[in-house]
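What TrEMBL records for 85 is active site, proton donor. Among the features that TrEMBL reports, substrate binding site is placed at 145. Per TrEMBL, compositional bias 'Low complexity' is recorded for 1-16. Per TrEMBL, domain 'NADP-dependent oxidoreductase' is recorded for 60-295. Look at TrEMBL and you will find 1-22 tagged as region 'Disordered'. Taken from TrEMBL, the feature site 'Lowers pKa of active site Tyr' applies to 110.
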Ligand SMILES: NC(=O)c1ccc[n+]([C@@H]2O[C@H](COP(=O)([O-])OP(=O)(O)OC[C@H]3O[C@@H](n4cnc5c(N)ncnc54)[C@H](OP(=O)(O)O)[C@@H]3O)[C@@H](O)[C@H]2O)c1
């Protein structure tokens, strides 16, 4: 199911990157459909070891403050952050220098597994730090980064309390399988997640899972919409890009927003930030959308399930084990 079938997307004739189309979340919050992703911007987190092993030039290329200043200058107003990205104070400096009004920004952050494992007080302290680093007294969205086994429900309930205090406008989750969401429901969570941030692109298009969340009114934020820059030479993408006179990145971005997913491309290069934002002025045909939809293989779903099992305990005291991990989840 396309998200746009269950969520209404608003865009006015004056839509631009600094005034982008929005989706209305269940609590009435207007969520921009495009934002700037800050993972590996300025810093590569220590436990993202594969990225470091492959060189990780972004760690030193430009600071996060410089990159986010560029993103704000280009017009991005939704900044997608996380404790794990280790750059929120730099993001905060860029915001402060930009002079953009807080009310014109939409800020999302996520609490990391180490903190989730430590429990409610650690989560409260982390949110305080994130707010201080970002230079704000509230985040628009705050997400549980991973559904840490045995810990994520308690963490979610802590976020509900912090939302009651006005520090969080909306609560969401990330990397939740359908079964993790059911666990929240079964454990008496009152304000169910407004968003679930998961990898979505034509190479990992988990139709079944997406339809289940969409039916519940949970907006899907797509991460790795650009497949982390690793699929630009795919022949189907290139063929469609050529027929529209667009770049491969723009085809992936257009597929994402045309499906009704929130799109949060990351680049440390200003010209690419501009390029990535140009996805609202052309349309893919139904045949092209179908062709892109079919790029997800059974192998990709299997790889995803293995990665889920590995990552839910990552950085916690159970890292490297399957302790508490759900072995059966909806993969597709
Ligand atoms: N919740 C989670 O667990 C999770 C996981 C991953 C990501 N995320 C979020 O989602 C955001 C996006 O995902 P991502 O950063 O992993 O990957 P992505 O946006 O799919 O791709 C980023 C990669 O593509 C390259 N790139 C970007 N635009 C390009 C263009 N126009 N032409 C050529 N190359 C281009 C970037 O290189 P340059 O920077 O050198 O341009 C970078 O290597 C993250 O920043 C983060 O906010 C969340």
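Along the chain as shown, the residues are counted starting at 1.
Even glycines carry a Cβ here, placed using N, Cα and C.
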Taken over the domain 'NADP-dependent oxidoreductase' (60-295), the model's mean pLDDT: 97
Count of other CB atoms lying within 10 Å of the CB belonging to residue 110 (site 'Lowers pKa of active site Tyr'): 23
Cβ neighbours within the same chain of the residue listed as 'substrate binding site' - under 8 Å, at least six residues apart: 82, 83, 84, 110, 111, 112, 113, 116, 174, 175
DSSP-derived structure type at residue 110 (site 'Lowers pKa of active site Tyr'), helix or strand or else coil: strand
For residue 85 (active site, proton donor), the number of other Cβ atoms found within 10 Å of its own Cβ: 24
